[in-house]
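Undergrad: According to TrEMBL, the record shows the following:
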- 111-116, 145-149, 169-170, K182, K191, 209-212: NAD(+) binding site (BINDING)
- E224, H287, H304: Zn(2+) binding site (BINDING)
- 108-219: domain '3-dehydroquinate synthase N-terminal' (DOMAIN)
- 221-368: domain '3-dehydroquinate synthase C-terminal' (DOMAIN)
Amino acid sequence: MTADAFPVRDTDRPLPSSHAGVAALDRMDPSSVSPAPQGHAHRVEIALGDRSYGIEIGAGLLGDARTYGALPRAACALVVTNETVAPLYAEPLRAALSAHYAEVVLAVLPDGEEHKDWPTLNRIFDTLLSHGCDRKTVLFALGGGVVGDMTGFAAASYMRGVPFVQVPTTLLAQVDSSVGGKTAINHPLGKNMIGAFYQPQLVVCDLATLATLPARELSAGLAEVIKYGPIADMEFLAWLEDHIDALRAGDHAALAHAVRRSCEIKAWVVGQDEREAGLRAILNFGHTFGHAIEAGMGYGVWLHGEGVGAGMVMAAELSRRLGLVDEAFIARLRRLVERAGLPVRGAVLDPADNAGRYLELMRLDKKSEGGEIRFVVIDGPGRAAVRAAPDALVREVIDACCA
């Protein structure tokens, strides 16, 4: 199971790509990236037959009523957001949606990964039911990955499925969690263990929202950008090395490029493997170790992207010990992760048996089969594979990579 780099289709300027002759990539629809009708955005298509939809990428989209003009009509729309995002963007979105929906209801949830649970999910259902929302109601997820995952799961479940739209306001959500239809809540024993595959009608990536991100959140989002290089496109990795300081400084042009390229790669992967039966698993590079860190430390102590940052370095070290990459590759990845403001060493989850605690948590990972932990490893720069590894080898990696 491998992935090579992905071709680019763009009407302005070409993005970097490599391995352009790979046959599988030639099947990519040439129309997968095109300007949005407004003319100030770019559109990336997720090709899933009758469940296909677009990712609109640009500045000023969130509060523009035209952004939502092609969505299903309904009497009511529900905007789900959190206490941090609501004061910034709830009113502009509500005003834009009022052009299309007679009633726009707002549900404001507590902020943080620790609230991605059943009680918080039920607050969305409570709001829907108390306002008499029917099965045509459209839900809008306004916020980061937690809001997007919970809103999507609520949409998948309410009256056995209602339409929803992702309006991600964090870098992490724009380049990863809002795209592809994964929806879930956490369980105390594992991240995203209860959920569904349920595709949105539209993803609206308003780059202007990234200007209000705290530095720590921006760095966390960069982890999900960086992962696309080692697994799919080493030229993009080189571009990131050249522009990581600009990205951390919030440079608009650099962020626009990073979001667009990340979405192109993820869109192609999801179009090939919507339900993670094979290829899509490579998007979890760094996540097996990272999810263990998040669960073991307690949700919210480490941001998701921080876990992924350290997890990528740990997965790269595992790849080296499996004979797939050399030390120079790991050093290169470690430098970039560190320059992004992310941890490069894993957390100590149990001083008495740290590796044992990691293994215990990782056996709950969704890629595990029959109790065997499976990891996304780098099968040579720009390629990824999913493999099992002996517990003894994984213990060595954890001991070597944890603070």
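Using the three backbone atoms N, Cα and C, a Cβ is placed for every residue, glycine included.
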Undergrad: Determine how many residues of the domain '3-dehydroquinate synthase N-terminal' (108-219) DSSP places in helix, in strand and in coil.
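TA: For that range the per-state counts are 50 helix, 32 strand, 30 coil.
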Undergrad: Compute the mean position of the Cβ atoms of E224, H287, H304, which form the recorded Zn(2+) site, and then list in sequence order the other residues of that chain whose Cβ is within 8 Å of it.
TA: L172, D176, S177, A223, K227, G286, G290, G305, G307, V308, G311
Undergrad: For the C-alpha pair, I'd like the distance in angstrom between H304 (Zn(2+) binding site) and G145 (NAD(+) binding site), rounded off.
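TA: Pair distance, Cα basis, whole Å: 9 Å.
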Undergrad: Give the residue from the binding-site residues T170, T209, T212 that has the most other Cβ atoms within 10 Å of its Cβ, counting over every protein chain displayed.
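TA: Neighbour-count leader: T170.
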Undergrad: Highest CB neighbour count within 10 A among the binding-site residues G145, G148?
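TA: The most densely surrounded of these binding-site residues is G148.
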Undergrad: Which one is it: of the binding-site residues D111, E114, E224, which Cβ has the fewest other Cβ atoms within 10 Å in this structure?
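TA: The binding-site residues D111, E114, E224 were compared, and E114 has the fewest Cβ atoms within 10 Å.
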Undergrad: Looking at the binding-site residues listed here (D111, G148, T212), whose Cα lies nearest to that of H287 (Zn(2+) binding site)?
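TA: Nearest listed residue in space: G148.
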